[in-house]
Amino acid sequence: MAQDRLAALRAQRQQQPPAAGPGGYEMQSVNTPQYANGGGQNNGGDSMGSFMSEVASIQDGIQQFDGNINRISDLHSRSLNTLDESASQQNSAQLDELAEDTRQLSNSLSKRIKALGTSVKGGGQEAQIRKNQIEHVRAKFVETLQRYQEVERQYRARYKQRVERQFKIVKPEATPEEVAAVVNDDQDGGGQIFAQALTTSNRYGESRAAYREVQERHQDIKRIETTLAELAQLFNDMAVLVDQQEIQIDHIHDTAAEVDVETGGALKHTETAVKSARAARRKKWICFWITVIVILAAIGIGVGVYFSNHPPGKSSSSSSGNSTSS
C-alpha cells in the first residue's frame, strides 16, 4: 500500500518538465513544494500522507543526485581528454557549477532525511512503517554518496597521474620525491621545484603548456578534496541518524519490556486475588456445611432427648392401667 502511494507520487512529479542546468544538462529544483527550504518542515502537518509524499520527493532527489554524479563523471573525463584551452576552461566552469548544485542537493537531502526521523514517535504499526521508509531512503542515499565518493577518488588519482606526466615533460629526470612534491602541490617545495624545472627546460612551449595544465589539475584536485571532505561529513550525519534511530528503538524496546514486567506483575496479583477468592468461597462453603451439620445435630439431639423422656411404650401402659382401675 505504501509503495503504491510512493509510485503514484513519483509518476506525478515525473510529468513536470525539468529545468536546464550547466552545459545543457537537465536539472531539477533542489527544493520541493512541501519542503520549500529543504529542511523537512511539512506544510501538511505530521500526517502519514504528507510523510509518504516527502519520502517520495526525497527518492526523486536521490535519483537526481545519482544523475548528477554521472554528469560529473562525464565532465571529469572531458577535462582529462580535451586539448583545447578554451574548451577546457568552459568544461571546468560547468564542472564547478554542477559540483556546487550537487553539493546543495546532497546537503538538502541529508537535512530532509534527518527531519523525517523526528516524525517517528511512540510505537505501533504506523511508527514501524515510518522507520522502514526512513531506513530505506537513508540506505539509498548512503549508497549514492559512496558512489560519488568512488567517482571522485578515481578521478583524483587520474588527475594526479596527469600532473606527474606533465611534470616529467618539463623534467624527465625528476626524482620520485620531486614528482610527489609537485603532484601533491606541496607548499614547501612543489611550486618551487616546478618553477626551477621550467627555467632549465629546453622545451619552452611544451613546458608552459604543461605548467598551465598542472595548475588546472591542481584546482580540480582541490575541488575533489573539498567534495570528499563534505561527503565524509554527510556519512557522519547518516551514521548519527542511525544511532538516533537505534536509541529510539531501544527506548521503545525498554518501554515494552517495562510493560511486560508490569503486566506480569499484574497477572501475578490477579492470580493471587483469584486464589484468595477461591479460598474465601471454599471457607464459606465449609462454614455453611458446618452450620448445617450443627443444626442437624442439634435437631437430632433434641429429638433424642424428647423420645428418651417420652418413650412410646410407657405412654401405652399408663393408659391401659387407668382403664382397668375404672
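Using the three backbone atoms N, Cα and C, a Cβ is placed for every residue, glycine included.
In TrEMBL this protein carries:
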- 1-18: compositional bias 'Low complexity' (COMPBIAS)
- 37-47: compositional bias 'Gly residues' (COMPBIAS)
- 84-94: compositional bias 'Polar residues' (COMPBIAS)
- 211-273: domain 'T-SNARE coiled-coil homology' (DOMAIN)
- 1-51: region 'Disordered' (REGION)
- 84-103: region 'Disordered' (REGION)
- 285-307: transmembrane segment (TRANSMEM)
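DSSP states for the compositional bias 'Polar residues' (84-94), grouped as helix (H, G, I), strand (E, B) and coil, give 10 helix, 0 strand, 1 coil. Summarised as a single figure, the pLDDT of the domain 'T-SNARE coiled-coil homology' (211-273) averages 71.
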